[in-house]
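Peer 1: There's a structure below that I have some questions on.
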Amino acid sequence: MSTLELHGIGKSYNAIRVLEHIDLQVAAGSRTAIVGPSGSGKTTLLRIIAGFEIPDGGQILLQGQAMGNGSGWVPAHLRGIGFVPQDGALFPHFTVAGNIGFGLKGGKREKQRRIEALMEMVALDRRLAALWPHELSGGQQQRVALARALSQQPRLMLLDEPFSALDTGLRAATRKAVAELLTEAKVASILVTHDQSEALSFADQVAVMRSGRLAQVGAPQDLYLRPVDEPTASFLGETLVLTAELAHGWADCALGRIAVDDRQRSGPARIMLRPEQIQIGLSDPAQRGQAVITGIDFAGFVSTLNLQMAATGAQLEIKTVSREGLRPGAQVTLNVMGQAHIFAG
């Protein structure tokens, strides 16, 4: 069953088309990430789902109930949708307990029990209840914002780049905790982000947005290993794209003959490998390697190697894990793991 269905959503500001025929389904209890560069339309789409913006056309269904189709519109406060903005947007004049309890109905004791349960749910120490927002860390503020959104028992949770202001280590830990919490609460969620690794690690379903359109929607691993086109491939991570000649499930390219993911394709094509699919080893000094390192850019854990292939003279640039012995002039071997992906067309 789908919690959310979008059919043909479009939006323009004056003569500028921001969204073009967006179709998307979000399964009950699942996590979806909408990822794209700045200006791709992802925040506009989130605001339309929330009810803050009205689309020019299309239909939104929330648990089968029509939210709007351009002529009629259910306002944001009647949709039962939780929203966590980028900065948390906590009420500065309310304590942690006041923020979480804002909008809760019932008597004082009942509200207190609910606030304590929500704080426990988002792993906030009860001793923080009397603190003010400015006394909290960034991660704690985001947990308070999430607890406040969950207090209304939403049918859908929208997260607008909620981790972007956090430090790198805290961002990963908070993201993991929020994902686990939403799964336990069985609340479907949509995360909007420009961070590819964040989208891939958070979601069950990733939607890549480009120029107001959804370029590809699917499981994170499918999009990463089998992107629909070269722009999507490079947006989701480092790539090595090669021209090749295909025949019977194999490709002849600058790396030699390697397996590909479509045995039916033949003739010229462009193929893609991810850097982690290429194992680079140092050759025996007495033997000639498959390639020679002509340049290296060391960046700590990862180094970028400029290679010249011995057999063809082709120049390649490949990222690999840094290690001793990788230096200009060194002879190396290359071993391709798995299959290369063939781009359509």
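Cβ coordinates are placed from backbone N, Cα and C, and glycine is handled just like the others.
Okay, these came from Swiss-Prot:
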- 4-236: domain 'ABC transporter' (DOMAIN)
- Gly36, Pro37, Ser38, Gly39, Ser40, Gly41, Lys42, Thr43: ATP binding site (BINDING)
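Locate each feature and note its surroundings.
Peer 2: Contacts of Gly41 (ATP binding site) defined by a Cβ separation under 8 A and a same-chain sequence distance of 6+ are given as Lys11, Val18, Leu19, Met209, Ser211, Gly212, in order along the sequence. DSSP gives Gly41 (ATP binding site) a coil state; it is part of no helix or strand.
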Peer 1: By a simple count, how many Cβ atoms lie within 10 Å of the Cβ of Ser40 (ATP binding site), its own Cβ left out?
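Peer 2: For Ser40 (ATP binding site), the 10 Å Cβ neighbour count is 23.
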Peer 1: Per DSSP, Gly36 (ATP binding site) is which: helix, strand or coil?
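Peer 2: Coil, per DSSP.
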Peer 1: Same chain, not part of Gly36, Pro37, Ser38, Gly39, Ser40, Gly41, Lys42, Thr43: whose C-beta falls within 8 angstroms of the C-beta centre of the ATP site? Give them in sequence order.
Peer 2: His194, Met209
Peer 1: Counting only residues 6+ apart in the same chain, whose Cβ is under 8 Å from the Cβ of Gly36 (ATP binding site)?
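Peer 2: Residues satisfying the criterion: Lys42, His194, Val208, Met209, Arg210, Phe235.
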Peer 1: Looking at the domain 'ABC transporter' (4-236) alone, can you tell me the average pLDDT?
Peer 2: 88
Peer 1: Could you say which of the binding-site residues Ser38, Thr43 has its Cβ with the most other Cβ atoms inside 10 Å?
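Peer 2: The largest 10 Å Cβ neighbour count belongs to Thr43.
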